[in-house]
Every structure is written in structure tokens, then in C-alpha cells.
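Asker: The structure follows.
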Amino acid sequence: MSPTVLTIIISSLATGTIITMTSHHWLMAWIGLEMNTLAIIPIISTMHNPRSTEAATKYFLTQAAASAMVLFSSMINAWQTGTWDITNLSYGPAHILLTMALAMKLGLAPMHFWLPEVLQGSTLTTALIITTWQKLAPMALIFMTLNNLSTTTLILLGLLSSIIGGWGGLNQTQTRKIMAFSSIAHLGWMIIIASIMPNIMILNLMIYMIMTTALFSSLILSKSKTIQDTTTTWTFSPTLTIMMMIMLLSLGGLPPLTGFMPKWLILEELVTQNLSPTATIMAMSALLSLFFYMRLTYTTTLTLSPNTAQTKFKWRFKPNRTTLLMGASSTISIFLLPLTPLILQ
């Protein structure tokens, strides 16, 4: 892809998200979502193989259906209430439709089936964009319409997503599919707290994006597409291997690391709201996710793949891409926990 085309596509992607996040009118929000979808399609299908074409088609169909549902829900709301204001979504069927549409856009269970397939068909860099940047616009719409959305529905979606995100990732061997199910589980945690404490949802989204960026940057640098690829990371960079181990444990939510902060705050808030059974199920589902993070950690740092003498190791060449983003996001995704009281103020 030529630099000019790539610049236009990336700027359209950014503009679409920003339009949605800053709009007050439903039509403008919808236009932003459509720009976003149309800009990512060529990025997914740059590889010119059947797998990426299939991924782009699946992505387009699900996102177009979800956008149509957003438009439909806003239209029936405008029909009933006479206003197109995003924050004034007071008609019952409209907000149920909107919840389902945004869940489909984000990849929340039970509308999650497209996410692992699309990620598997695209490159690691595209997968990074889909799992981080593409979550911003729907999350902004959820944040703006929170007062009118059903708390029970959001909690059920969150529970289902965290369980399916943990369960689905157990049997995977491809790192992109593992990251897709990890994304579903993390989104479940965000959605469950959304209507109870929106500030924690935004904190969780920011931390999730930083941690996912850090891990994807490591996978891109070490060219690790399957679990077996991660076993030879140590030949490429022992330091990177240790960093990947710590980042995976942080994504799993283990205490001294950044990933523990949102889980801790969410569980604490759920218990405060007398939702102890929900908190228990969420904590149990986090163990499922932790299992496949631990498995990746184990293969990355503690095992050597059964190699023959002719196996190609990864040579320690000077990286041909900048590691500044990886360095910054890795540091934040490991050391942020002591700043919790400061962030909460």
C-alpha cells in the first residue's frame, strides 16, 4: 500500500472515531461509525489472500448490520420522542436495539463470533487496530447513553462475555485468536461496570488498550503468530521474553502488576452494590483467562520447542521498526498499580 493511500485511510479511521465521539446528533454518530468501518476494510484486505478477503467481508457484514441497527434504534427513538439527541434515548425498544447493536460492534458475547475469525485473517498490526482503536467509538456511544441503558442487560452481557472470553481461548493455538478471546473477556469487565461506575469503565478501557498494544507490539517484533512461534522468542531477545511474560501476567490481572487494578476496583464496586454472586462469577471467569495467559507465559519463557539441528532460529538483527511504543506501553502495563489512589481522585 502506497504511503499516500495509507495516510488517507488512517486519517479517515481516526476522523470517523473522533466524529462519533464528539457528536450530539445520532446521524453524525452513524456517519462516524460508517467512516470507521469503510476505512478499516482496505487495511484488513491488504494481504491479497483468500483468508484476509474473507476476514474483510465478515467484518464489513457484521459492522454494517450493527450500524444499521444503530440507525434504526435512533430513528424509532426520534419517531417517538421527536429528538435526535444522543443523550435523550428514552424509548424502551430503542435502547434495547442500541445495546445489541453496540455489543455486536464491540464483539461482546453472544455477538462475538466475528472477532476471532477477523483477527485470524488479518495481520498482527491490523489485529492491534481492531482490538484497540476500533473499540473507542462504540464505547463512547455506550458512555453517552448510559443513563438510559438497562443495567441488568449490561451486567448479563458482561458476565457472558467474560465467561466466553475465558472459555473460548482455552483451546487456541494461534496468538491472534487468543488475543481476540482476551479482548472479549476484557470488554465483559468494562460493560459490567459501565452503568454502575462509568469512571472505572474508562480507566479499564485505557489500561486494556495500553496492555494490548504492548503485547501486540512484542508479538509483531518477534513475529509470533502461533504458540509454537513463541517458544523461539528467547533466541531473538531474552529481555523481550521476560517482558512478554510479565505483560501476559498483567493482562491476566495478577496483583503487583497494572492489570490487577481495574479487576480489583470492579470487584470491589460490585460487592459494594450487593452484587456478590456476580463478582464471584467474574472472578472465576478471570481464572479461565489466566489459564491461557499462563500457558503462553510457559511456552514463551520456560520451554524449548522440540527442535532439530536444522531449525531456523530468529537471528538477533537490529529491529527494523521503532520500539518506542512498545517500550512506553510495556512500562505502563507493568508499573501502574501504585498510582491507583492518584488515578481514583
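The backbone N, Cα and C atoms fix where each Cβ goes, glycine too.
Automatic prediction, not curation, is the source of TrEMBL annotations.
Taken from TrEMBL, the feature domain 'NADH:quinone oxidoreductase/Mrp antiporter transmembrane' applies to 23-288. Summarising the annotation, TrEMBL assigns domain 'NADH dehydrogenase subunit 2 C-terminal' to 290-344. What TrEMBL lists as transmembrane segment is 26-47, 59-79, 91-115, 127-146, 152-171, 178-196, 202-221, 233-254, 274-294, 324-344.
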Asker: Are the transmembrane segment (274-294) and the transmembrane segment (127-146) close enough that 3 or more Cβ pairs fall under 8 Å, when only pairs 6 or more apart in sequence count?
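Answerer: Answer no: the transmembrane segment (127-146) and the transmembrane segment (274-294) share fewer than 3 Cβ pairs below 8 Å.
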Asker: What does the DSSP secondary structure composition of the domain 'NADH dehydrogenase subunit 2 C-terminal' (290-344) look like, as residue counts for helix, strand and coil?
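Answerer: Within the domain 'NADH dehydrogenase subunit 2 C-terminal' (290-344) the tally stands at 32 helix, 0 strand, 23 coil.
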Asker: Summarise the model confidence on the domain 'NADH dehydrogenase subunit 2 C-terminal' (290-344) as a single mean pLDDT, whole number.
Answerer: 82
